[in-house]
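The structure follows.
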Amino acid sequence: MASVESRIIAITGGASGIGAATCRLLAERGAAVLCVCDISPKNFDDLKISIKKINPSTKVHCATVDVTSSVEVRQWIEGIISDFGDLHGAVNAAGIAQGAGMRNTPTIAEEVDEEWTRIMNTNLNGVFYCTREEVRAMKGLPATDRSIVNVGSIASVSHMPDVYAYGTSKGACAYFTTCVAADAFPLGIRINNVSPGVTNTPMLPQFAPMAKTFEEIEESYKKEGLSLIEAEDVARTIVWLLSEDSRPVFGANINVGACMP
């Protein structure tokens, strides 16, 4: 079982979905401090309560951060170092979805500038800002195994013609991760990317806005050859990458969940 005992971990998008599932598993595996940020504070109290039930020894520090702002990201990471003196790992899980099935073919003709820019700012620029500040912080700390995990999507490798901005942002995230992994590895910082398949999170309905029930959403994905997984399935892979059990692994893009090629 992958252990993160006594570690200080930063998690973006940590108040819900994959981020929250990762927080819960990190607490179960003995993390000392979870520094959680999200664009909305509405789920912070529920997260703290759930973590306390799992492991009363794990401290949870929550902050409202917009990852599309490099200034806010920098202040958040600098605050972690100032408050706790270390940063062993980070999970960049903040992201936004793009609705499918609402546009006429060819769907590219209806892609609008504002939607493209909005998604790129969060899913790509946000990952860049966070990874950059995490590496900046980690390189000045004592040498030990340090790990950063970026959360992408199976859309980065699966051909999905109605989610251009989302798929492109996640493909760029995977490529960025492999590049920066080679750059940071000599410093003892491992960086990897996880690409989940269709995951049962609060963001799921945004991908299928025409569906009225969860069953309709699940059935629509089955027709496309996609299987539904749980956030906890992804969290187990993320926590493994944060642990010393994955020490030889860097620059990887790990798919979690089945999908249509």
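Positions of Cβ are set from backbone N, Cα and C atoms, glycine also.
So Swiss-Prot lists the following for this protein:
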{"type": "BINDING", "residues": "Ile18, Lys48, Asp66, Arg132, Tyr166, Lys170, Thr201", "note": "NADP(+) binding site"}
{"type": "ACT_SITE", "residues": "Tyr166", "note": "active site, proton donor"}
{"type": "ACT_SITE", "residues": "Lys170", "note": "active site, lowers pKa of active site Tyr"}
If we count other C-beta atoms within 10 Å, could you say which of the binding-site residues Lys48, Arg132, Lys170 has the fewest?
Arg132
Is it possible to get the count of other C-beta atoms within 10 angstroms of the C-beta of Tyr166 (NADP(+) binding site)?
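Its Cβ shell of radius 10 Å holds 26 other Cβ atoms.
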CB neighbours of Asp66 (NADP(+) binding site) within 10 A?
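Step by step: centre on the Cβ of Asp66 (NADP(+) binding site), count other Cβ atoms within 10 Å, giving 18.
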With DSSP assignments reduced to helix, strand and coil, which class does Tyr166 (NADP(+) binding site) get?
helix
